[in-house]
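Q: Here Swiss-Prot flags 126, 130, 131, 132, 251 as (6S)-5,6,7,8-tetrahydrofolate binding site. Swiss-Prot lists 235 with the feature N6-(pyridoxal phosphate)lysine, giving sequence analysis as the kind of evidence. The feature site 'Plays an important role in substrate specificity' is assigned by Swiss-Prot to 234.
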């Protein structure tokens, strides 16, 4: 073996690329030393990490198990079939496609399957918690399809099902979508399904954020009400970055295979497929049900603690992992609060809330989530501490005295991160 070949197989990141080695080491330290409260994030298991970094990543394949366009795929077939079987069992459905590289690509494949360009879609407004891939103009789905948005009731900030029904009858959409990226309340799949059937629409549930809660039995399942379901394997499902498409319709499933490949994707990501199979297997364990219950319990404690300190909680609380704050109640913008919390080693994100400005710099909302910190082992007592720390920081910022409390807040966060380390650090 010559020197170049030996170096290719043996040199570490630090030897090959010091810049990236330093960035990776810093990111590892950031994850250990900060409390992650971004609702779309979680912390994968060591087993999932091992799969993502496995040599299986070298294998290029197109097609599906038993029907590939390349040889040498027998072991990837095992991984993909395991992921398919586990997804079907976990979500109690007849068919599963586990190849989508993301939730957005899963949604695009469903659009590709069910709709023709220009056909009508009815989905949740972005500021009310919807998602870009549900027909928003900034997304490809909004350029190809004619989307109308339903909203939340301005009094209770819960999805206005009467408005949904009225709009559905008015525009007669081909596809009704529910789900999104910042909606904290339980979804009434049964009523929505009736609305879709009433107007002859297909009913798509995007459960990207709540898939783990559905798997853990703390949120109702979209089946048997949904015609088709998409989700990510990240977020509450606690797996790698990727998507799933689920259905009970055999005829659709056969067409769906082609909608994913070659419709919107080429070769699959072999390492991610293996990691998906692992995370789906983990989600079938009793421990995961305990985890899902704790995620919701922790989010409720966080919401209640902040509400007791005068922070307005959008919709008055949460049924999921998401807690939405209306910082206009404190005279702050979302970006201000995001920057403030970062100084204390709490990671969060600004977010629009119902009725918010369309311009991100003017958003008065903040989205928090309990999934990642719950994975670290934090329970109600620790989330009460987090809520108190966040409220202290907000009140100090309003009073112009944030610098006086940041160091104390950082010390409390350091105590939590040291008590609840990640990956045995």
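Each residue, glycine too, has its Cβ placed from N, Cα and C.
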Q: I'm trying to understand the geometry here, so how far is the Cα atom of residue 251 ((6S)-5,6,7,8-tetrahydrofolate binding site) from the Cα atom of residue 234 (site 'Plays an important role in substrate specificity'), in Å to the nearest whole number?
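A: Their Cα atoms are separated by 28 Å.
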Q: Quick check: in three-state DSSP terms, what is residue 235 (N6-(pyridoxal phosphate)lysine)?
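A: It is helical.
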Q: Given the recorded positions 131, 235, which one has the fewest other C-beta atoms within 10 angstroms of its C-beta?
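A: It is 131 that, of the recorded positions 131, 235, has the fewest other Cβ atoms within 10 Å.
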Q: Taking the Cα atoms as reference points, how far is residue 235 (N6-(pyridoxal phosphate)lysine) from residue 131 ((6S)-5,6,7,8-tetrahydrofolate binding site) in Å?
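A: Residue 235 (N6-(pyridoxal phosphate)lysine) and residue 131 ((6S)-5,6,7,8-tetrahydrofolate binding site) have their Cα atoms 15 Å apart.
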Q: Test of understanding: give the count of other CB atoms lying within 10 angstroms of the CB of residue 130 ((6S)-5,6,7,8-tetrahydrofolate binding site).
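A: Taking all protein chains shown, residue 130 ((6S)-5,6,7,8-tetrahydrofolate binding site) has 26 Cβ neighbours within 10 Å.
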Q: C-alpha of residue 131 ((6S)-5,6,7,8-tetrahydrofolate binding site) to C-alpha of residue 234 (site 'Plays an important role in substrate specificity'): distance in Å?
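A: Per the Cα atoms, residue 131 ((6S)-5,6,7,8-tetrahydrofolate binding site) and residue 234 (site 'Plays an important role in substrate specificity') stand 16 Å apart.
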Q: Among the binding-site residues 126, 132, which residue has the largest number of other Cβ atoms within 10 Å of its own Cβ?
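A: The most densely surrounded of these binding-site residues is 126.
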Q: Of all the Cα pairs drawn from 126, 130, 131, 132, 251, the residues the record ties to (6S)-5,6,7,8-tetrahydrofolate, which distance is largest, in Å?
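A: That value is 32 Å for the farthest Cα pair.
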Q: Can you grab the distance from residue 126 ((6S)-5,6,7,8-tetrahydrofolate binding site) over to residue 234 (site 'Plays an important role in substrate specificity')? Cα atoms, rounded to a whole Å.
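A: Distance between the two Cα atoms comes out at 21 Å.
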Q: In whole Å, note down how far the CA of residue 234 (site 'Plays an important role in substrate specificity') lies from the CA of residue 130 ((6S)-5,6,7,8-tetrahydrofolate binding site).
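A: The separation of the Cα atoms works out to 18 Å.
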Q: What does DSSP assign residue 130 ((6S)-5,6,7,8-tetrahydrofolate binding site), in three states?
A: coil
Q: Near the Cβ of residue 234 (site 'Plays an important role in substrate specificity'), how many other Cβ atoms are there if near means within 10 Å?
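A: I get 24 for this one.
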Q: Can you tell me how far the Cα of residue 132 ((6S)-5,6,7,8-tetrahydrofolate binding site) sits from the Cα of residue 234 (site 'Plays an important role in substrate specificity'), in Å?
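A: Residue 132 ((6S)-5,6,7,8-tetrahydrofolate binding site) and residue 234 (site 'Plays an important role in substrate specificity') have their Cα atoms 17 Å apart.
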Q: Reduce the DSSP letter at residue 251 ((6S)-5,6,7,8-tetrahydrofolate binding site) to three states and note it down.
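A: The residue in question, residue 251 ((6S)-5,6,7,8-tetrahydrofolate binding site), is helix (DSSP, three-state).
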